[in-house]
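K.L.:
This is the structure, below, for whatever I ask next.
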Amino acid sequence: MKRSMYAGHVRKEHIGRTIVLKGWVSRRRDLGGLIFIDLRDREGVMQLVINPEDVSGDVMATAERLRSEYVIEVEGSVEARQQANDKLATGAVELKVSGLTILNTAKTTPFEIKDGVEVSDDTRLRYRYLDLRRPEMLESFKLRAKTTHVIRNYLDNLGFIDVETPMLTKSTPEGARDYLVPSRISQGHFYALPQSPQITKQLLMNAGFDRYYQIVKCFRDEDLRGDRQPEFTQVDLETSFLSEQEIQDIVEGMIAKVMKDTKGIEVKLPFPRMAYDDAMNHYGSDKPDTRFDMLLQDLTDLVKEIDFKVFSEAQAVKAIVVKGHADRYSRKDIDKLTEFAKQFGAKGLAWLKVVDGAFTGPIAKFLTGVKSKLTESLQLEHNDLVLFVADTLEVANNTLGALRTRIAKELDMIDMSQFNFLWVVDWPMFEWSEEEERYMSAHHPFTLPTAESAHELEGDLAKVRAVAYDIVLNGYELGGGSLRINQKDMQERMFRALGFTAEEANEQFGFLLEAMEYGFPPHGGLAIGLDRLVMLLAGKDNIREVIAFPKNNKASDPMTQAPSLVSEKQLEELQLQIEHHD
């Protein structure tokens, strides 16, 4: 029989109609001879009533066989419920069953198919097809589908062309680790799965496409955490002849449209802008969460003359004030914060409490001479807790930025209903890598340096600034973009600054340098992490919740057991041998 509608769509206006529904048994109850079934499908749950006085013996026998997650087809008439269930959209009606067919049976599931079930992540991923049956999971993927639909329509209406770029590309340096694919035909050679379509989308601008977009899979072989996966999806944009401001305006309009159409929220435009240096100095992060205060305070000059070498000899002394919550933190709690701080390079964590106007704590005696200045500077009051880090500026900022976020979560200081977007601009072009002992691109080596700082490509690389911009939401980097280099000599200077010889640059990027000899237009763009955006829209804290079949923290799939061993024949065809090292 043909399904009449989704179970979750049945309403009062359907009373009196005979309909056919199909779905899964969510729950079965026997009450006084009557059998009640909660039938679940993609759109919701509908109560079925099977009365032995109204159905044949065969139907009743079939109903008695039903168990959770059986797949069934039912026919019956829609009736008003004697007692409505306000918790269900279908709660005013029920289906009086006249016909019932079991389409498939089901084993007892390893966990209940319901929201809020407590089960390990690996079990959820092992039985992902069951996990995805849960209503909250389905809602997240409806939200994801709606988001991509809005984005496509918005960009289509602005004249962007949706173009697919290659999945098998060339491995290049200056990025995360590549996923490599061996070539059977060109033995000993490898493709790389793209970390982004960066170069190919730039070449589309050289081809005259003017406005490109793509919702595209990307791959990075990097350490995983809550908002990262080895394969992820990004909304990728590139434009020709537009300024930094014009590109940001397009992106803001797109985000505003997504927020309005998916959440019913009007966001204020334009988004605030914050310089990179201000973000680091005041929030201790290049992706600041502006939903709460507790900004970093620079006390370097104020404590320079005190008799406490940890402070007086440090490059930077910075602090955060936990207002009105000193009594929430015991010595043991602060010891835990200290261990947390050490993860970010801090040697320790100094602290004091304000109790009835007096300073208490291990360093209080050293601050007697600056007590009034410190009280005024930090606007200290009773029951305030002050946490200090004395170290390099970078360590102080990073440590206090992480503490700021941790404490705000511990104390429920964050308004979770807020969506605070902002642009972080005026980025440094390079960042120093302790591991590599050299400067590396803060974004990528195709970013345009500012006209005012480009001369430092042959001088002090720390002074080179980029025409780059990141869009941030609630402490997460949603995406990043920039204007790009479009002239060969500038691109060659950039490669030299990064330590490439002319031969290495030509070997890795010769095709791009050659393309720049054929009238490459000024261009720029941006990429937004779709998984991360949907995660935040859905109120989740892990992008696994909005990816249908994600990997776990070991980059493996407990369901399919990927990655897996392959046959000797496959390895022979690729001329590969596996060496095992103890």
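Placed from the backbone N, Cα and C atoms, the Cβ positions cover glycine too.
Bear in mind that the values here come from a model prediction, so they are computed numbers and not experimental data.
Take a look at what Swiss-Prot says about it:
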BINDING   E174, R220, H443, R484  L-aspartate binding site
REGION    198-201  region 'Aspartate'
BINDING   R220, D221, E222, Q229, E477, G529, L530, D531, R532  ATP binding site
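Relative to the rest of the structure, where do these features sit?
P.N.:
Under DSSP, H443 (L-aspartate binding site) is assigned to coil, being neither helix nor strand in the three-state scheme.
Listed by sequence, the residues of this chain that lie at least six past the ends of the region 'Aspartate' (198-201) yet keep a Cβ under 8 A from its Cβ atoms are 163, 165-166, 169, 172, 212, 214, 236, 238, 444, 446, 509, 512, 525.
Sequence-distant contacts (6 or more apart, same chain, Cβ under 8 Å) of R220 (L-aspartate binding site) comprise G175, A176, R177, Y179, Q195, R228, P230, F232.
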K.L.:
In terms of DSSP three-state secondary structure, what is the assignment for L530 (ATP binding site)?
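P.N.:
L530 (ATP binding site) sits in a helix per DSSP.
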K.L.:
Rounded to the nearest angstrom, how far is the Cα of H443 (L-aspartate binding site) from the Cα of R532 (ATP binding site)?
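P.N.:
Computed Cα spacing between R532 (ATP binding site) and H443 (L-aspartate binding site) is 18 Å.
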K.L.:
For L530 (ATP binding site) and R484 (L-aspartate binding site), what Cα-Cα distance in Å is obtained after rounding to a whole number?
P.N.:
22
K.L.:
Would you list the DSSP helix, strand and coil counts for the residues of the region 'Aspartate' (198-201)?
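P.N.:
Residue counts for the region 'Aspartate' (198-201) by secondary structure: 4 helix, 0 strand, 0 coil.
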K.L.:
For E222 (ATP binding site), write down the residues of its own chain that are at least 6 apart in sequence and whose Cβ falls under 8 Å from its Cβ; none is a fine answer.
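P.N.:
Residues satisfying the criterion: A176, R177, R228, P230.
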K.L.:
Within 10 Å of the Cβ of H443 (L-aspartate binding site), how many other Cβ atoms are there?
P.N.:
20
K.L.:
Fill in the CA-CA distance, R484 (L-aspartate binding site) to E477 (ATP binding site), as an integer in Å.
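P.N.:
With distance taken Cα to Cα, E477 (ATP binding site) is 20 Å from R484 (L-aspartate binding site).
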K.L.:
For R484 (L-aspartate binding site), what is the secondary structure by DSSP, using just helix, strand and coil?
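P.N.:
Assignment for R484 (L-aspartate binding site) reads strand.
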